[in-house]
Amino acid sequence: MMIRSYSQDLSGGLENVPVLIANSVPKEAFSNFQYVLESVQGPGCDIDPSAVTLPGCSCRVQSCLPDSCPCLRFGQTYDSKGHLNQQQEDGGFSRPVFECNALCACSESCQNRVVQKGVEVRLGVFSTKDRGLGVEALERLPCGRFVCEYAGEIIGSHEARRRQLSQTPLDMNYIIALQEHSGGDRVTQTFVDPVTIGNVGRFINHSCKPNLVMVPIRVHSLLPRLALFANRDIERYEELTFDYAGGQNSNTDTRKWDKAPTGTLTGADVDKIPLKKVCHCGASNCTGFLPLDMSVLH
């Protein structure tokens, strides 16, 4: 186990707890990066993520209860410690999750306010051996603990496609495409790109056997916040990872892309398709390649 020395705060004081940068990481690694607490509106996104558009509850209590609060109509999301309840159906988190919001009458200490509070655990950004930058836990994280969002610009599908095709084969792709299946054939897509505007979630690497799970959480609007929770107990100094393909969530899929959908790209666009990138996660079940798929852009 390597214990690194840390100093500077990547968030610049924005987070409740400093997001530390290892002293070995060169300063220029963040020269074109703007830190934000939550996702912002980008090209092609018709909704301002910061706007409060969902109605609030009228629960004038310290903490809301599922039998009386409309925000908890799909069940209690968090336990008394603020940890994600392991309520799963068919192996995934399939229930919609709504936190109490700015219009709710309940207190700020309500049990149903977790993701909106931001990072409350000690995290460190460091240089990995073969996967660029990574993030490690600087404290022990129990199963179900909220770690951070995957925040960035929320963009439309055409903008996501344009950005993907403008990349060179050597460029890293950070765009997450969230697909939520809400019954029948209805699918809701959300595209988040943190390459220049984002938070600590941008630096979390993929693993085919991750210790984090991504869950869409809605707070102030119908735009989901991509929240990352510990899916098991995580030890101090352990690297944090999540599955870029969203393999642990039965009603949602997350994708980064590296191949074009059949018959949708022609001419000059074909030459811009990035090659598959080798996965270096080291897990026993590693698939060999990062789970990138441009078919979500159909």
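Using N, Cα and C of the backbone, Cβ positions are placed for all residues, glycine too.
Note that TrEMBL annotation is computational and uncurated.
What you see is a predicted model, and the numbers here were worked out from it, not measured in a lab.
The domain 'Pre-SET' feature in TrEMBL is assigned to 55-118. Under the heading domain 'SET', TrEMBL lists 121-245. Positions annotated as domain 'Post-SET' by TrEMBL: 275-291.
Taken as a whole, the domain 'Post-SET' (275-291) shows an average pLDDT of 81 in this prediction.
The DSSP breakdown of the domain 'Pre-SET' (55-118), given as helix, strand and coil counts, is 6 helix, 5 strand, 53 coil.
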